[in-house]
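Novice: Right, I'll just put the structure down here and ask away after.
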């Protein structure tokens, strides 16, 4: 069966109800989350502030190129399956099968990580010590233990309820949740700069003091390389803006605006944020270690700022950001499972939508996996494991977005249809090769620290995604006997016509 997902009449499929502003903030909601607020803390502890800045800057270039490459294809062909569909159209249906299932699994794990993060965040109020929250919890009173259990359950329940709303209402809620996050990051940057200049508890100028003592780098070149997996986790979700293409109003105009808006602002906010964190906190700050996440580095800086209640307000925003990011992961995973069902790669029942155009069975199935992670007794270690898996999964996806982009352009050229590009990727052809090179190198090198000494759990978290993707690919390749799609035969028509009809409607 064909790997594509055609746009069906509105009553039978997803509804086009998302405006440009909602898509922009939905993208922010998926990107700005626990990866930035919590993930950079463990990266700072393991690698140092300079390594953190290098990894976010270098990988930021790759992410920017990825968003433009994907945006070019999404505007041309706005479908719910996004790059997973494009891989099937322009490369190989077996690869589409493999990547879509893997990316769906990635979104279920991402949802679990955001849900689990809420438990880590509330530890700021529940655990007064600076030690490991897991150890400290042994002496916590029953009501505090109850809060630690109820919080992630409530977060997951809220994610499910919000994803059952009509997509227009869901987009509006995400718009405001994401607006809060963007405002908070901007406020953090301003307060962090003031804190560095001397507006802090010690009333002293900090500057780059911590880049000298304890230092700018930790663990040398290994620290630099390993920091890229944390950066990849923080940038996870940048590619999922294209998943809104199937529900965007007038995608030919709304998607380019949303992609430009998101790409530039995310990179700017991220790089400045990691710099501000790196100049205000030494890498040996207690509680930043990935195995015992004490609190967000953002909360540390606000606490250092000295304003009463500022740290608690920051922590509350981080809690809401985990809810927002969970919403986005569930939204993305739901649309992928819907896409799989439409293409015949999953049971057809998952393509069933209610009267509001919500694939409600896909919502329930995607959220089910997150429940397993709620039973973990060591939230910090489990969250760190999930972080690595999600990061690697996204790097694999970015590589094949680039491959699809190259094949897409070749198909347009061979068939004489390059004039149809509404949103040309100005980084082509250099951009896709940058994506493949950078992510390909770090995909294999960043897990080096798991080898010396060898740590099985850490090794699995870095490399389990590779055999999963390869195995799924070979299973479908052998079963369906698929072949590489010829550039002269690649389908450039089906959803391009739907795009014209949609925008003229």
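Using the three backbone atoms N, Cα and C, a Cβ is placed for every residue, glycine included.
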Novice: Out of 266-286, 329-349, which range is noted as transmembrane segment by Swiss-Prot?
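Specialist: Feature transmembrane segment in Swiss-Prot: residues 266-286.
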Novice: May I ask you to indicate which of 175-195, 196-216 is given in Swiss-Prot as transmembrane segment?
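Specialist: Of the candidate stretches, Swiss-Prot labels 175-195 as transmembrane segment.
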Novice: Which range is it, out of 456-476, 477-497, that shows up in Swiss-Prot as transmembrane segment?
Specialist: 456-476
Novice: Looking at the stretches 149-169, 175-195, 266-286, 383-403, 425-445, which one shares the most CB pairs under 8 Å with the transmembrane segment (50-70)?
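Specialist: Highest pair count goes to 425-445.
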Novice: Below 8 angstroms Cβ to Cβ, which residues of this chain, lying six or more residues outside the transmembrane segment (175-195), approach it?
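Specialist: Non-local partners: 21-22, 25-26, 28-29, 32-33, 36, 206, 265, 269, 272-273, 276-277, 279-280, 298, 301-302, 304-305, 310, 314, 317, 320-321, 323-324, 327.
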Novice: Looking only at residues six or more beyond either end of the transmembrane segment (25-45), which have a C-beta under 8 A from one in the stretch?
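Specialist: Contacts of the transmembrane segment (25-45) (Cβ under 8 Å, skipping residues fewer than 6 from its ends): 18, 51-52, 55, 113-114, 117, 120-121, 171, 174-179, 181-182, 185, 218, 227, 230-231, 233-238, 240-241, 244, 258, 262, 265-266, 269-270, 273-274, 277-278, 281, 283-285, 287-290, 293, 296-298, 300, 318, 321-322, 324-325, 327-329, 331-332, 383-384, 387.
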Novice: Six or more residues out from either end of the transmembrane segment (221-241), which same-chain residues have a Cβ under 8 Å from its Cβ atoms?
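Specialist: Contacts with the transmembrane segment (221-241): 23, 26-27, 30-31, 33, 35-36, 39-40, 42-43, 46-48, 51-52, 54-56, 58-60, 63, 66-67, 70-71, 82-83, 110, 258-259, 262-263, 266, 270, 325, 328-329, 332, 387-388, 390-392, 394-395, 397-398, 401, 439, 442, 445-449, 462.
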